[in-house]
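In what follows, a structure is listed as structure tokens, so that the remarks can point back to it.
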Amino acid sequence: MSKQILILPGDGIGPEIMAEAVKVLTRIDTQHTLGVTLVYDELGGAAYDKYGSPLADETLERARAADAVLLGAVGGPQWDTIDPALRPERGLLKIRSQLGLFANLRPALLYPQLADASTLKPEVVSGLDLLILRELTGGIYFGQPRGTRTLDNGERQAYDTLPYSESEIRRIAKAGFEMARLRGKKLCSVDKANVLASSQLWRAVVEEVAKDYPDIALSHMYVDNAAMQLVRAPKQFDVIVTDNMFGDILSDQASMLTGSIGMLPSASLDANSKGMYEPCHGSAPDIAGQGIANPLATILSVAMMLRYTFAQAAAADAIEAAVGKVLDQGLRTADIWSEGTTKVGTAAMGDAVVAAL
């Protein structure tokens with residue numbers, strides 16, 4: 001059965017890292033007879049330059065028609081001065097919303113070979129393996145009303161709205177419990193229920209959903225405490241479920257526990273596990289075109305795609321094992337390099353993963 005994947009290289013280092021991910025995907029397709037068809041288009045700044053919009057209508061239709069979307073990265077300083085509604089990031093928000101991608105999965109897994117890359121002591125992070133599940137289409141990033149107004153005294157005031165409906169909370173909570181069931185059977189719901197009305201409803205609905213999952217140990221934590229605990233004792237967590245803004249912040253924080261955001265993939269899924277897959281890192285315009293970016297997060301995003309959307313666990317395992325082999329060989333891109341290891345570029349790292357498959 002043919003599987004159509006929409007490839008969106010994006011901006012900055014996006015095209016470079018995507019080229020390596022496609023190399024790996026092509027090889028694994030041959031080895032496991034997946035029947036993959038690749039379709040290419042643009043998103044973000046590259047789409048603005050080509051279509052005059054960060055997400056063209058025809059691109060959105062291609063995304064809807066595809067079984068999965070693989071994205072590089074979006075954004076760059078050359079688009080900082082354009083209409084805010086046309087900024088690259090708006091294309092990313094729109095495609096997530098239009099495809100109904102409400103669940104963002106961001107693992108923070110520390111490879112043993114990279115234990116020294118973390119800024120925390122090895123005993124604090126060794127064996128780290130947690131998953132942050134972020135609600136992606138609701139909350140303050142999409143809430144209305146929002147804007148800037150001038151008060152009677154002439155002062156400007158900006159305002160945003162943080163709404164969450166019961167159904168939005170229920171579906172992400174259910175996803176959190178399901179993910180915990182596949183892992184260590186622990187779920188920590190992070191909110192700010194001591195201050196925010198939306199968080200009070202969040203906590204109440206999560207408690208209601210918990211009744212259907214008696215085998216899962218549920219805990220609640222305020223977001224400020226969660227940020228502190230991620231640094232103090234991150235291994236206490238298995239799955240964290242939280243809202244859009246809190247998840248945005250905490251997942252970036254958790255990514256650095258591993259030493260390099262260049263190692264971390266992510267998945268954004270709809271109710272049927274159709275998804276968009278992308279590295280956690282940004283477009284890194286400062287190193288774009290130099291051939292030194294780390295492609296491993298994008299390659300590992302391919303593994304997540306095979307696991308969650310296509311249910312090809314063996315193929316996903318093979319990619320993850322190949323990445324481990326390459327790290328065992330001492331190959332490192334600049335962001336994860338240390339004394340005694342071999343520094344390689346983007347293409348060489350991709351080739352090494354292909355060779356290890």
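One is the number of the first residue shown, and numbering goes on along the chain from there.
Keep in mind that glycine also has a Cβ here, set from the backbone N, Cα and C atoms.
Here Swiss-Prot flags 76-89, 282-294 as NAD(+) binding site. The substrate binding site feature in Swiss-Prot is assigned to Arg96, Arg106, Arg134, Asp224; the stated evidence is sequence analysis. According to Swiss-Prot, the feature Mg(2+) binding site maps to Asp224, Asp248, Asp252. Sequence annotations record features per position, and here Swiss-Prot assigns site 'Important for catalysis' to Tyr141, Lys192.
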Just to verify a number: CA distance, Gly76 (NAD(+) binding site) to Asp252 (Mg(2+) binding site), in angstrom, no decimals.
19
Chain-internal residues near Asp80 (NAD(+) binding site), provided their CB is under 8 angstroms and they sit 6+ positions away:
Arg87
For each of the binding-site residues (Ala284, Ala288, Ile292), count the other CB atoms lying within 10 A of its CB, then report the residue with the highest count.
Ala284
Using a 10 Å radius around its CB, how many other CB atoms surround Pro88 (NAD(+) binding site)?
27
Within 10 Å of Lys192 (site 'Important for catalysis') (Cα-Cα), which of the binding-site residues Asp224, Asp252, Ala284, Ala288?
Asp224
Determine which residues of this chain, when Asp224, Asp248, Asp252 are set aside, have a Cβ within 8 Å of the centroid of the Mg(2+) site's Cβ atoms, and list them as they appear in the sequence.
Val223, Ala227, Met245, Phe246, Gly247, Ile249, Leu250, Ser251, Gln253
Check the Cα distances from Arg106 (substrate binding site) to each of the recorded positions Pro84, Tyr141, Asp252, Ala284, Ala288, Ile292 and keep only the ones within 10 Å.
Asp252
